[in-house]
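**Q** As listed in Swiss-Prot for this protein:
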SIGNAL    1-20  signal peptide
DISULFID  44-59  disulfide bond
DISULFID  51-68  disulfide bond
DISULFID  58-86  disulfide bond
DISULFID  70-84  disulfide bond
């Protein structure tokens with residue numbers, strides 16, 4: 001039973017990994033922004049750094065590319081602004097945990 005769970009976890013990890021290789025659902029304006037930023041970008045944005053101006057410029061982690069995660073910040077004046085940072089989505093963290101656990105068990 002344990003082997004079946006490990007195999008299923010590895011399959012989920014591989015499917016998730018292959019889906020992270022492609023570009024996520026882009027709208028037309030995001031695609032134009034991506035093309036413009038791709039020409040001027042020289043380095044990727046590291047984990048936990050701000051990616052508000054370049055949402056597709058995050059670096060690659062151990063297994064997956066970091067995703068630009070955004071939140072809305074409200075200032076004391078009541079003005080709302082969007083702030084984004086490169087981070088690991090929860091489902092990628094879970095996949096990395098399963099792979100790490102599998103490496104410990106099977107060496």
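Heads up, the Cβ atoms here are built off N, Cα and C, so glycines get one too.
Quick caveat, the model's predicted, so the values are computed rather than measured.
In the displayed structure, how are the listed features positioned relative to their neighbours?
**A** Under DSSP, residue 59 (disulfide bond) is assigned to coil, being neither helix nor strand in the three-state scheme. Residue 59 (disulfide bond): 14 other CB atoms within 10 A of its CB, across all protein chains.
All chains included, 18 other C-beta atoms sit within 10 angstroms of the C-beta of residue 68 (disulfide bond). DSSP assigns residue 68 (disulfide bond) to a strand in the three-state reduction.
Under a cutoff of 8 A between CB atoms, and with a sequence separation of 6+ in the same chain, the neighbours of residue 58 (disulfide bond) are 44, 45, 47, 51, 65, 66, 67, 68, 86.
Around the Cβ of residue 70 (disulfide bond), the same chain contributes 52, 55, 82, 83, 84, each under 8 angstroms and 6 or more positions distant in sequence.
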